[in-house]
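Below is one structure, written out as structure tokens, with a few remarks after it.
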């Protein structure tokens, strides 16, 4: 509506629309050529036959509409620049946040030292602690332990790993490992771009517990059957006591050492992040079981 009111002329709107259509066709030809070479591995002669014919044909169209850019054809370029800025600001801010979290992450030895230095109370129940750190522990855990001084008797640190495949085999979707500290386990949920996963309800929790039981039974070397059974009973008891899901909310403080462009991108990212929808309902995570932990990073 704003574009129609702004141009006030069907001719300029037609020029803008024509530039978009021709450029989309031109870009599609280039991308499809790459798909034919990289993905389909088509014979080079067929690829060149397709590319040369359509590149010349659409190149003529593109050269014809370039003269229309000053007469309304500039509008789609402005929209593209705005959208590109939004996407880049989101990516840049997210990477800054992930890098800051990775620098402050805890190692297994750090966690052992922290648990031994603090008087941590063990709370009955099962805690699923969501984290973005693949190797190590999120610094939110340190913040949680130093603030609350408690930890559930069974805590499963859960991370998500995106794979460049359409779908992940169900048997490889959930990977469980013991972390070397009693009651602490790691869980990695792998998914592809065509996968849909739901983390809601007892089905997901039961699936994780069953996989964890199998992992304990298969890696019981050096442990007596009584010890293995005791650990399995602890899992079942913790599940019966109730499930809590801990989710971190991180913000960052923009330091003065950043350049003006960095400050602009990071402040815009913070604006987007404050107004975006939470990923919890989308992933099927029941919000009534979620405890949010907030933390601020200096960037």
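The backbone N, Cα and C atoms fix where each Cβ goes, glycine too.
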TrEMBL annotation of transmembrane segment - which of the ranges 47-67, 110-130 it falls on: 47-67
For the domain 'K+ potassium transporter integral membrane' (2-111), the number of residues DSSP places in helix, strand and coil: 96 helix, 1 strand, 13 coil
Segment confidence, the domain 'K+ potassium transporter C-terminal' (124-299), expressed as mean pLDDT: 84
